[in-house]
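Have a look at the structure below before the remarks.
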Amino acid sequence: MERSLILLKPDAVQRRLMGKLISRFEEKGLNFVAMKLIRITPELSKQHYAEHAEKAWYPTLETFITGGPVLAAVVEGLDAIQVVRGMLGATNGLQAAPGTIRGDFSSSRQMNLVHGSDGPDAASREIALYFKPEELVEDEPTITKWMRAADE
Ligand code: CDP
Ligand code: MG
């Protein structure tokens, strides 16, 4: 099992898409193990986007991501990191394939609605940035036996 950090970015919250986006992850079979509404500070933005902090476009990203409430969540599932990235689609909504979240809902390079961790190291680092260990709720849903075979 893998865990991935998801952020429903301020554009998703403002556009009243939270419920629809949460539903997509639920319907796929991912389990939510943590969730909270937060306001990202400039400091947290710089930590989260450390790999981009020196880029010319970083200041506008920081303005965007700190500009309104964000829903931070952790989802769990088999290959959850790659599954979430596939569901998001390409970074730029104009290039993301139809059927993906960004392809269906975004027409922007920046305002692409959802963040998902891009690998196991990023997932561990990002989950720790947003959640304390005790905020992650351990549970094995009883429906699992109807979601996949026992040997998967
Ligand atoms: O989110 P993802 O991993 O697909 O993309 P990224 O290349 O790691 O960039 C992180 C985020 O920065 C993107 O999701 C966009 O919201 C934003 N971004 C931007 O504002 N301007 C760019 N030229 C590229 C990305
Ligand atoms: Mg990235």
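Note that Cβ sites are derived from N, Cα and C of the backbone, with glycine treated the same way.
Here is what TrEMBL says about this protein:
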| type | residues | note |
| --- | --- | --- |
| ACT_SITE | H115 | active site, pros-phosphohistidine intermediate |
| BINDING | K9, R85, T91, R102, N112 | ATP binding site |
| DOMAIN | 1-138 | domain 'Nucleoside diphosphate kinase-like' |
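Sequence features, as recorded in TrEMBL, placed on the structure.
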residue	record	DSSP class
K9	ATP binding site	coil
R85	ATP binding site	helix
T91	ATP binding site	coil
R102	ATP binding site	helix
N112	ATP binding site	coil
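Long-range Cβ contacts of K9 (ATP binding site) within its own chain (separation 6+, distance under 8 Å): F64, I65, V70, M111, N112, L113, V114, H115. Confidence annotation: the domain 'Nucleoside diphosphate kinase-like' (1-138) carries a mean pLDDT of 98 in the model. Counting other Cβ atoms within 10 Å of each Cβ, the binding-site residues T91, N112 show the lowest value at T91. Of all Cβ atoms in the shown protein chains, 17 besides its own fall within 10 Å of the Cβ of R85 (ATP binding site). When each of the recorded positions R102, H115 is scored by how many other Cβ atoms sit within 10 Å of its Cβ, H115 comes out lowest. Among the residues K9, R85, T91, R102, N112 said to bind ATP, no two Cα atoms are farther apart than 15 Å.
Sorting the domain 'Nucleoside diphosphate kinase-like' (1-138) by DSSP state (H, G, I as helix; E, B as strand; all else coil) yields 62 helix, 28 strand, 48 coil. A Cβ distance below 6 Å to any atom of ligand 1 is met, among the binding-site residues K9, R85, R102, N112, by N112. Excluding K9, R85, T91, R102, N112 themselves, the residues of that chain whose CB lies within 8 A of the CB mean position for the ATP site are, in sequence, L88, G89, A90, G93, A96, I101, S106, L113, V114, H115, G116.
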